[in-house]
């Protein structure tokens, strides 16, 4: 959602904002907007179906297989990513003035987008912490208690994410663009700040996003990777090489995307605080920030590949979902029971043979006893 700076604003009877003095977009800002639209379109077309397929497979699998803490964290990650991708079409069309909404609708989209992004990054941190506990073998043996605790942690994550996203809807409104012709009149959802709020409210908002979406995930992932590599040296070479390659792919792909994002957000926060509020500086900063805000959306396209399709367990369950086995819980449980005891018919035949042998031997002993018994008087 675009951030607009202006002064001398007025509200009409529909609570639509009319700004009399704003900066005209520069050529660089227009190019950045087109690039953002193209990248987000690719993310929607690829990341949306992938997250839907992965989330559906995970939910169906949780009905049959016992769900552990990592499984629930993965399910929450795919749900948060799918929710983020779902908001992108509205944001793209609204930024281009091709769709309009009420101020309440814009506020709902804003809080949903920022909360789902925050929940996604928080879930990645939870997955790292859970793997840290697995390495230390400090997982809870009580499955029921651990599952309840996991649900409580996820509820706390979403509550915290909503609290972190709550400042955004406060400044979200609808901007009415008054054109020369009726066809050129349109509305867009924006985050509006007056010039007097730039170095206070907007700077705080930028710093909060930089910390929650940038610094904290990078620090968490870097710490986990260094600790995991140190602990992995104690294991065998075969297990170490396979596990290290998998974890390196996860962590390094995250850091390659996230580290430039942190640098750009730190620069953006510095520019908001130190630069003068002029049209040239506003357009330059907005062009950089516009490309930086597609980085959180990139994770929605990469997470299903890294955390789902690169794993053997998920690929096995995905094939079960394609063949329709996960849709019938009774059928799947019967097949799993049959796999566990493949020699049941042979065992039953051997048991019947033993019973027949015992019956024949018992009949012979009874005949011998009856033959040796004295006749009745």
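Glycine too: its Cβ is placed from the backbone N, Cα and C atoms.
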Feature transmembrane segment in Swiss-Prot, mapped to one of the ranges 152-170, 171-189: 152-170
Swiss-Prot topology check: residue 281, residue 324 same side of membrane: no
Annotated transmembrane segment segment (source Swiss-Prot; candidates 247-270, 319-342): 247-270
The topological domain 'Cytoplasmic' (62-71), counted residue by residue under DSSP: helix, strand, coil: 6 helix, 0 strand, 4 coil
Residue distribution over DSSP helix, strand and coil in the topological domain 'Extracellular' (95-107): 6 helix, 0 strand, 7 coil
Mean of pLDDT values spanning the topological domain 'Extracellular' (171-206): 72
For the transmembrane segment (108-129), distant same-chain residues with Cβ under 8 A (at least six beyond the ends): 1, 70, 73-74, 76-77, 80-81, 83-84, 87, 90-91, 94, 101, 153-154, 157-158, 160-162, 164-166, 168-169, 172, 189, 191, 212-213, 216-217, 220-221, 224, 254, 296, 299-300, 303, 307
Tally of DSSP helical, extended and coil residues in the topological domain 'Extracellular' (271-287): 13 helix, 0 strand, 4 coil
